[in-house]
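*Asks:* Have a look at this one before I ask anything.
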């Protein structure tokens, strides 16, 4: 195996390295980065691949364009990873070759058993034939046949032993040798015991009663079995086959030279027979090579499929970890299931039925979905926690962007770990505000304890943060318990969030709280016991009578400062304090991996006492330190909970209730940080090309190691064995059991031609067809020339029909050969009309029709030479029968065609031959001449077989005897067996391609889905940087920011019906319309940051590469302004479809310097900060309904771009004083907007009813001078929540929009009474006075 430094590399890249390396023996090519190939593979459909979907590196350099890949002027390699020795087809790796032989052994064993059964049947039939015909010395012929039958039975039994697996090659050789020595020589017209004597007159040899046709059929069968079944090396098979042919014809030559033929005719006869042997050897070699090519290629493809399956499991695990790190497991699983279903449906939509079928439209059109998918549920008894950093504005005043992001990342990382330990669910951050929930989305009985422990832990964590960072900040925490709506809003950059009036009340609890304490409501206090130090909240005494305090409506509140100490010290606290005394800084100071291991080992040896209910999370490690769960306990944990650590150093999580579920099976290299996941994903992407080019030079044996790893992975997999032993095809028809796969198989050749697929190996469908046509042409020419040569030997002119057939056939063969060469090498150079013709004839039925003609041309050419000489010349008759046997064997060619068609055609040819033997084609005078000639020739022959022959000479069929029927039957039986076996092999090869490609597509889909989720969390260009760095923060000199608020959504929202769920469904539709705008290419430079309640936040100019490509430095501002105008139009269109209510949009626009960065550890959030963001938020909050308000600096730039504004005047902006602002669009009278149109700053009622995270008014801040309130609006503008989910599908502009669909749908909806509203979606909206109209 590989050395430890390379094990990780080999683990992730073994598939591509071991399967895609070139087979050149003089060089080593290793592909480490498979992204480009996988991206191309991901575009393929489920079954829409050809049988040549190989990844081998071969071929020449093509021209640009899609057809350039097809420009390959040299022969491809035999198969992927093939050695350079074509005469011995093997892998270039010993490991792969041995594994291939081992994994293909079941198929080889099964085929050898079939061959033994066939040979035994032949021996039995020949034995019966000799026994039935009463002749002298029958035992001379029956004993060898019966003996070999016993040998076949013995070998058949031997195949079931373990010894056969080690010696099956030698067993095949022995079988063939015994068959050749015991059968074929005995059937020759001479024997070793009776040789010729030198006499003045040649003596007649001993006749064995077997004609030339019978013996030649045996020769053909031996050679076919040698090349196709015995599984010997090609060079050895060729040597044995040629030796056998020479011995066979030598024996026949010695007999013929002494009897019927004389002079030069014997040599012409020998030359003709040599041509026939050339044909059978050519066919055998072709079948041998293609069988080896498909067998090894199938092995490699199935191995790739297994490796891709392993990669698929790893990718799926990585994907789940990435998504679970940013949203609750139950929501993430639902989204992943939805994504998997969409991916599977996409695969089914692109399944490879024929192109004609793909164009068919269903008879029943599905009704389009009017509303977008809406994932939201109502959950009761949920505790909500809001926490704000007191003093954050002062702390960030003198910090750079990078330093500020680092501080927030450190602090929020601690909070993220606290969420995991206290079983809370982090929702988001709003500026320096952090909020989470407990009991949602999975209910918990101890939700209130979880939030209280979370709040106390945050206070302790920030104290430790101040000690380490030398800062002066504190935490103000508020908790409330009630009912929430949880789910996802929008289709782009969405996230898991919670909404309800209780959520807003929890935010109010935080605003009215006290730094260093947890401010809880009376509803939360009901779920707590007396373990905490609790005091009255005294809100009125602290803030006085104000609008903010009035929102409590007399709600009693409490302040919690910590737990009551019932005992001086408990064992749990002692252990915790000892760990805290050691110091987290000392843990971080471990300089090496050994020290880290020692530290971890020391922690494990510390005895962890059982946690008591009174122990809370008092000390929190920094975000980059991982400790055992036993070191941090919380009051919501069961005291008998098992604290065993999960693999990888992570503690198991509880999901439901108080008991911990079984630990999840995690990867050995799992991380808790999404930073590390992104970096891990980047490492899996591969090494750079420059490094991969140096790898072959530095590590010569890397391919051997990866091959060994490849073999180890597939060794224990049952798929390989089941694949070869139980192929997924019908045993009768040989069709695939999957109908879609069968249709794909039938169209694969045509699709390969249509898409100009590159030819890389002999297994390519088009190149395999070229070899088939070339072999057919060769056999046709040899048989035709031999038949014409035979006419010269008998001194008779060839028949005119033979000449006509030869001319027509040779034209067809040459035309087919030219077309095949065009398809393989020059397809991109043909004209459009020619290419359409090629695509037409490459279909399933046209290809079978043309293939049937081509494969039958040799037989047709031989039959065209059947004349009266067939009955008047016994040697001519024998030769023509032998030529027909070769034509029958030719039907083993064209393995891509149906074996049933080829075998039936071969059977027809055999039947026609027998009919011609027994039906006279000549007049009676010719028959009389035949009788006279045969009487003269046979009178001198004395043999046991013909000694009793009657005086009147019989027909050639009578002379040949019934053995021709048996010979043709046995040969046809072998052809049927080989055709079936080769088609199964060909289909298995195609299926291996399909499986490997399907797994590759799934893996790519698995990789794309996390990428899509990451893009919904953070922009793609930011994710790329996070793969190589631990943090991201960047300053932008001129970024554009907008805040768009639906100012009257609070008037529309009510919780009396389904808790307000249907109101948020309407909001989801409107936000979805905004997201659709961002899907347009024109707005690609705009990034959606987040949604805060009914406020939509977006920015532009954050991608520096896009800004550099722009012709104008402020071009992105114009794009953002156009987007804001489109948002106004979308709201107007949406209102036109609403009844009884019109939404009003208010937009604030500003540009300037800002900072973008990513904060968090387990849950990353992409956000923007800066004074520019604060002013953009103020432009919204003090803006005017249905208008866009901009600052003076932004006005100067936009006015130069042709936009007309109204000067509003000087307005007071919190934190900035008096500012000049401008409004768009311009009023008709060019006057200032009347005072009654000005929007008042949002009061706390708007905050509670409509938007989460709104800051208190300026008056409240003045009423509480002792409390340093952070401006939530500023923080809401300073920070952005990234959304984590799958991207919404882009819609074409020509398609009707959701608003138009809702409009059409609304025409059929009548207004009904709210009390009679049903469960239907339209009735629910009608109850809320939200309907659809024109």
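The backbone N, Cα and C atoms fix where each Cβ goes, and this holds for glycine too.
So Swiss-Prot lists these for the protein:
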- 1-113: topological domain 'Cytoplasmic' (TOPO_DOM)
- 1-28: region 'Disordered' (REGION)
- 16-28: compositional bias 'Polar residues' (COMPBIAS)
- 49-71: region 'Disordered' (REGION)
- 57-69: compositional bias 'Gly residues' (COMPBIAS)
- 114-134: transmembrane segment (TRANSMEM)
- 138-158: transmembrane segment (TRANSMEM)
- 159-167: topological domain 'Cytoplasmic' (TOPO_DOM)
- 168-187: transmembrane segment (TRANSMEM)
- 188-207: topological domain 'Extracellular' (TOPO_DOM)
- 208-227: transmembrane segment (TRANSMEM)
- 228-233: topological domain 'Cytoplasmic' (TOPO_DOM)
- 234-250: transmembrane segment (TRANSMEM)
- 251-269: topological domain 'Extracellular' (TOPO_DOM)
- 270-290: transmembrane segment (TRANSMEM)
- 291-768: topological domain 'Cytoplasmic' (TOPO_DOM)
- 338-363: region 'Disordered' (REGION)
- 348-363: compositional bias 'Basic residues' (COMPBIAS)
- 388-393, 430-432, 476, 1090, 1167-1169, 1174-1178, 1214: ATP binding site (BINDING)
- 388, 432: Mg(2+) 1 binding site (BINDING)
- 635-670: region 'Disordered' (REGION)
- 769-789: transmembrane segment (TRANSMEM)
- 790-800: topological domain 'Extracellular' (TOPO_DOM)
- 801-821: transmembrane segment (TRANSMEM)
- 822-849: topological domain 'Cytoplasmic' (TOPO_DOM)
- 850-870: transmembrane segment (TRANSMEM)
- 874-894: transmembrane segment (TRANSMEM)
- 895-902: topological domain 'Cytoplasmic' (TOPO_DOM)
- 903-923: transmembrane segment (TRANSMEM)
- 924-957: topological domain 'Extracellular' (TOPO_DOM)
- 958-978: transmembrane segment (TRANSMEM)
- 979-1334: topological domain 'Cytoplasmic' (TOPO_DOM)
- 1266-1303: region 'Disordered' (REGION)
*Asks:* Within the same chain, where does the topological domain 'Cytoplasmic' (159-167) have neighbours whose Cβ lies under 8 angstroms from its own Cβ atoms, ignoring anything closer than 6 residues to its ends? I mean 6 or more beyond.
*Replies:* 105, 109, 112-113, 116
*Asks:* Look at every Cβ pair spanning the transmembrane segment (769-789) and the transmembrane segment (874-894), keep those 6 or more apart in sequence, and say whether at least 3 of them are under 8 Å.
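*Replies:* They do touch: at least three Cβ pairs between the two stretches lie under 8 Å.
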*Asks:* With Cβ distances under 8 Å as the criterion, find the stretch in 114-134, 234-250, 903-923, 958-978 that has the most pairs with the transmembrane segment (850-870).
*Replies:* 903-923
*Asks:* Counting by DSSP, what is the helix, strand and coil composition of the topological domain 'Cytoplasmic' (822-849)?
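*Replies:* For that range the per-state counts are 23 helix, 0 strand, 5 coil.
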*Asks:* Verify whether three or more Cβ pairs under 8 angstroms connect the transmembrane segment (903-923) with the transmembrane segment (874-894), leaving out any pair fewer than 6 apart in sequence.
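*Replies:* Taking Cβ pairs at least 6 residues apart, the transmembrane segment (903-923) and the transmembrane segment (874-894) are in contact, with 3 or more under 8 Å.
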*Asks:* Around residue 432 (Mg(2+) 1 binding site), which of the listed binding-site residues (388, 476, 1168, 1175, 1178) come within 10 Å, judging by Cα atoms?
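*Replies:* For residue 432 (Mg(2+) 1 binding site), the binding-site residues whose Cα atoms are within 10 Å come to 388.
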*Asks:* Counting Cβ pairs under 8 Å that sit 6 or more residues apart, are there three or more between the transmembrane segment (958-978) and the transmembrane segment (138-158)?
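*Replies:* Output no: the transmembrane segment (958-978) is apart from the transmembrane segment (138-158).
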*Asks:* Report, as numbers and ranges, every residue of the chain located at least six residues beyond the transmembrane segment (114-134) whose Cβ falls under 8 Å of a Cβ in that stretch; write 'none' if there are none.
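*Replies:* That would be 141-142, 145-146, 148-149, 152-153, 155-156, 159, 175, 179, 183, 209, 221, 225, 229-230, 961-963, 966, 970, 973-974, 977, 981.
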*Asks:* For the topological domain 'Cytoplasmic' (895-902), DSSP counts of helix, strand and coil?
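*Replies:* Each residue of the topological domain 'Cytoplasmic' (895-902) counted once, the result is 4 helix, 0 strand, 4 coil.
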*Asks:* Any idea what the model's mean pLDDT is for the topological domain 'Extracellular' (924-957)?
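*Replies:* Averaged over the topological domain 'Extracellular' (924-957), the predicted model reaches a pLDDT of 45.
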*Asks:* Excluding the flanking five residues on each side, which residues at least 6 beyond the ends of the topological domain 'Cytoplasmic' (895-902) place their CB within less than 8 Å of a CB in that stretch?
*Replies:* 290, 733-734, 749, 765, 768-769, 772, 847-848, 851-852, 855, 976, 979-980, 982-983, 985-986
*Asks:* Count the other Cβ atoms sitting within 10 Å of the Cβ of residue 1175 (ATP binding site), across every protein chain shown.
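*Replies:* By my count, 27.
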*Asks:* Would you please pick out, from the binding-site residues 430, 1168, the one with the fewest other Cβ atoms within 10 Å of its Cβ?
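*Replies:* Each of the binding-site residues 430, 1168 was scored; lowest Cβ tally within 10 Å is 1168.
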